[in-house]
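Notes follow the structure.
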Amino acid sequence: MLYQGETLQLHWLDNGIAELVFNAPGSVNKLDTRTVASLGEALAVLEKQTELKGLLLRSTKAAFIVGADITEFLSLFAAPAEKLQEWLNFANAIFNRLEDLPVPTISAINGYALGGGCECILATDFRVASPDARIGLPETKLGIMPGFGGSVRLPRLLGNDSALEIIAAGKDVSAKDALKVGLVDAVVAPEKLVEAALKMLQQAIEGKLDWRAYRQPKLEPLKLSPIEAAMSFTTAKGMVMQTAGKHYPAPMTAVKTIEAAARLGRDEALKLETASFVPLARSKEARALVGIFLNDQFVKGQAKKLAKGIEAPKQAAVLGAGIMGGGIAYQSALKGVPVVMKDISDKSLTLGMNEAAKLLNKQLERGKLDGMKMAQVLSTIQPTLDYAGIERAQVIVEAVVENPKIKAAVLSEVEGLIGENTVLASNTSTIPINHLAKSLKRPQNFCGMHFFNPVHRMPLVEIIRGEQTSDSTIAAVVAYASRMGKTPIVVNDCPGFFVNRVLFPYFAGFSMLLRDGADFRQIDKVMEKQFGWPMGPAYLLDVVGIDTAHHAQAVMAAGFPERMGKDYRDAIDVMFDNQRFGQKNQLGFYRYSQDNKGKPRKDNDEQTDVLLAEVSQPRQTISDEEIIARMMIPMINEVVRCLEENIIASPAEADMALVYGIGFPPFHGGAFRYLDTLGTANYVELAQRYAHLGALYQVPAGLRAKAEHNESYYPVAAPLSDVSTGQPA
């Protein structure tokens, strides 16, 4: 043994070849600060070995290196700029030493080699991969860019266009595609991976492969003529502007950095990479996107804990077909849980089966599944007009019309036909679970399971715990949602649960702006282009359905009359009374027609202004800043109330529910991350300017208390102090 660290070892093989093995405690290797420092120590030992002829890098885990340890990022990024730069210089010097070893080097890559793992293998001369390998640089998805030489080495290895595509999009590629673009030199069976790597290394040692010729391009400027460079970078910038936009600066920064470094050798190019990385890492976008990654891990971990030891159901049932029921049945069947789909209407069953078939056809067209798999999935959806087969289901999801009497009747009826341990769940969006539970003899077996539309696309499922819901019921439904490929978040019961409870104050802010003379088109534009929502409120209401929103608004007003009740007609009432229900009947705030691909096309409709004049003051000029404040304050206040009332358990779960349920802009990180970025004291000061608008604008007591000391909702990361180890203070 030449070197033994906590996460890697270095020892001799035969014939002067050394092997550096990544073998961290736990299930995966990460290129954390400890491992980077350890790599430097191992190289220091290796550099003294006069008999060294070659070096092999490999992993003992199912993945080579999954990337950096993202749990360290917030501490690293909280460091002063000069400390972070010092740490990057320290790390890059280590990878340069790996690349500059006076012998050939090779990486044997199995599973994932992402982020820092990819940058590590780029520093070796050769790369051999098993067929299951996936290699890439996902940093831009976290609001940063490669920091260990990825933006320098990848373009010089692959050529500019292929490298820009991977880096700007944060992509990873399969072993097969990596071979095509020159990211790996060979793809071999897993059992022959090390053998093949050693064979290639031996060829390099014997001079049959010119390892210096493989290494040299990575040390030199990019081989591009001025015209080629202009074309390549102009195209890349255009694509980034189109896909990432102004709210996600990392992809454009990466492209511009690669462009600026194109005429430089490795060491000077690395200085530019570091100079670009530091401000990105310290940006609010990076904090938000890293926060989302960490919150996603936390939420998935919570789901695993809740469902520990519980098997997902082997058979499920959906009561109520149509678009929603068909979507739930499709998702269940697609993920391997057969489902009975029951409805009282043959027409609805046909609609539900057609919805499932349509979604499967799209998968077929995209090459995600073949005809046999499609037929198999469809065959596991059993449509029925009676309750045939319902007794086999371990979880039954009621998805009938959003009417408490009808839902209660359906739930009561099915309860009499099923076993004592069968779990019942209601896919309701607003009706309190405690209210529906009154119709049941076994309320402990009942909870809410709120899917979002369209079911196949929206990741969130709200699991609603009623007062009498048992832990085993929650565990079973969480296990089912996870099996369906969804992200379940458990909330406590109240009207609207969490997501709709906080969404309707946002719509109320919209209605009040219209009442005060704002233009709904300007509001949509500001909330989409400036704040970053995928849809502005008017457009979102049209997509949700004005009739659906009108009904839900009434439920919310009854549940929270002091804040959500109103004594005036608003824009939603006007649209509803004029049967302008949105996309479903082609008329809402906007007029809709079909484009040449059959998708809804949104156009302005002058009649909307005529109708809204009934409930609006004459048109007023309202600033973008005021629109954002008046739209967001009611939502944020309600989100905070939900945390204070224990409707939602943590800021992390609240923020992920908002991002996954209603598309809260990821670069803000969710409501609590947004609050922390603004500063609680600044937020309270802002909200007080609009306190005269009513109860929705009154800041909750807990938030006021935090604001007195400008406390944050998320823990403040301890900044990095020791650049030789990368450890926090």
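Each Cβ is built from the backbone N, Cα and C atoms, and glycine gets one as well.
Record features, source Swiss-Prot:
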ACT_SITE  His450  active site, for 3-hydroxyacyl-CoA dehydrogenase activity
BINDING   Asp296, Asn500, Tyr660  substrate binding site
BINDING   Met324, Asp343, Val400, Val401, Glu402, Lys407, Ser429, Asn453  NAD(+) binding site
REGION    1-189  region 'Enoyl-CoA hydratase/isomerase'
REGION    311-729  region '3-hydroxyacyl-CoA dehydrogenase'
SITE      Glu119  site 'Important for catalytic activity'
SITE      Glu139  site 'Important for catalytic activity'
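Features per Swiss-Prot, on structure.
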| residue | record | Cβ contacts under 8 Å, 6 or more apart |
| --- | --- | --- |
| Glu119 | site 'Important for catalytic activity' | Leu31, Phe95, Leu137, Pro146, Phe148, Gly149, Gly150, Arg153 |
| Glu139 | site 'Important for catalytic activity' | Gly115, Met145, Pro146, Gly147, Gly150, Ile167, Gly170, Ala250, Ala254 |
| Met324 | NAD(+) binding site | Ala399, Asn427, Phe451, Asn453, Val455 |
| Val401 | NAD(+) binding site | Gly320, Lys407 |
| Ser429 | NAD(+) binding site | Glu402, His450, Gly496, Phe497, Asn500, Ala552 |
| Tyr660 | substrate binding site | Met458, Pro459, Leu460, Thr487 |
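Within the set Met324, Asp343, Val400, Val401, Glu402, Lys407, Ser429, Asn453 that the record links to NAD(+), no two Cα atoms are more than 20 Å apart, and one pair reaches that distance. The Cβ of Val400 (NAD(+) binding site) lies under 8 Å from the Cβ of Leu319, Gly320, Ile406, Lys407, Val410, each of which sits 6+ residues away along the same chain. Rounded to a whole number, the C-alpha distance linking Asp296 (substrate binding site) with Asp343 (NAD(+) binding site) is 36 angstrom. Neighbour density around each Cβ, counted as other Cβ atoms within 10 Å, peaks among the binding-site residues Asp296, Asp343 at Asp343. Site extent for substrate: among the recorded binding residues Asp296, Asn500, Tyr660, the largest C-alpha separation is 20 Å. Shown are the binding-site residues Asn453, Asn500; of these, the residue with the fewest other Cβ atoms within 10 Å is Asn453. On the 0 to 100 pLDDT scale, the model's mean across the region 'Enoyl-CoA hydratase/isomerase' (1-189) is 96.
In three-state terms derived from DSSP, Tyr660 (substrate binding site) belongs to a helical segment.
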